[in-house]
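Annotated in TrEMBL:
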DISULFID  59-411  disulfide bond
DISULFID  267-281  disulfide bond
DISULFID  439-445  disulfide bond
SIGNAL    1-23  signal peptide
């Protein structure tokens, strides 16, 4: 026991030594909220230095594919209840602190004033999860920017077969599609002072939607996630313990790991939805925020991203839909069809559980040999623990209103100097060009190369073969739960054993709701 206590002390003292410094640039917690980040904060923090391709002037845009997440939404009913329970717990902790102080006012001064009498902003709400006005603005403004960026695509008169808009049957997704369409077609109709126009949004039944809600229809994925969630909780527990210990020492309030998880959730809701950063978020140091953000990103990587091939391979129907729409646009363009008589854009609105797998199918956010590894179905290492840099950040991969756009260009053969064909695909993530490892780390790729190197390796699998197979528990493990080459993660694994012992059943169940 003495050895364990000594090791814990060393690890606890070690953490501040590697905390990120705020001397170089100001720390903005709104850019560190993983998938709860607002779209504006995510775009502001996107500065990876990638230099976009210069598209020749004589290339013309032929077709646009958009896959977007819904905008900022209210917390779900389950989360609203959690915040109500947090208010009760905080009241009890403050009462205990007042009693222990025995009239010593100075001992209470370290407690932030906002905690006294705090009530959840969503107290009394019986429903949740809906798109809020901020989310409406995100999609409305995105629609305007997309139209302005690609005027040749959106110059035709509206017809539902020319501009196909689809959404899942979840209200926040369909509402996002409506907000986007209002921006996209603003000033193009005759309705009201804004000259809006009516447009069609199509939704597939939840029971059969394998294009945008494949994660709901894939039994293999459901089994994997159910079996893997306890292991993910165990990976996250050392960070929650470390941060809880720091909060207890700082404020002399007996916070548990579950309290810390709830306070972190409150921080994300306040900062992203209400633009409040001086309450729950101020409880945590920048380094503690980076650790908590990393645990969210870790969960997203393992359960929704590159952690297991089924996570993204179940999205093959969506990838097929994108490629088929591109091929149809090429056929129409080659046939010199009259402008405005064939589909110009296919616009889809869904969830982070849709965006994350689709990004993985494209090979985004991979470096070095990572793309070749997923093509060979080999494991990837987990995102490294702060302060090490990582490419996989939930705030970048799938913030609210996060999106991928695949833009099809037609280029004269002599304009590109490439003999692989005259059609090219450019990939934009959150409206910024991003490199595709499968296309030599360029964002502007010959379509046949894109199809051969990025798409076809995934198409050897189909949805039924991926999702309707019986797997034993051993095969449901992640591709690579702990990277053997990462000393930090080895230390984390040991630290997890050191701290948890037989108390794993009491681990807080803090899940990311996308």
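Each residue, glycine too, has its Cβ placed from N, Cα and C.
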_Tell me the Cα distance separating residue 411 (disulfide bond) from residue 439 (disulfide bond), rounded to the nearest angstrom._
17
*Round to the nearest Å and give the CA-to-CA distance linking residue 445 (disulfide bond) with residue 411 (disulfide bond).*
12
_Candidate with sparsest Cβ neighbourhood (10 Å radius) among 59, 439, 445, the listed disulfide-bonded residues_ = 59
*What is the Cβ neighbour count of residue 267 (disulfide bond) at a 10 Å cut-off, with all protein chains included?*
24
_Cα distance (Å, whole number) from residue 267 (disulfide bond) to residue 59 (disulfide bond)_ = 46
*Taking just the CA atoms, what is the gap between residue 267 (disulfide bond) and residue 411 (disulfide bond) in Å?*
48
*About how far apart, in whole Å, are the alpha carbons (Cα) of residue 411 (disulfide bond) and residue 281 (disulfide bond)?*
50
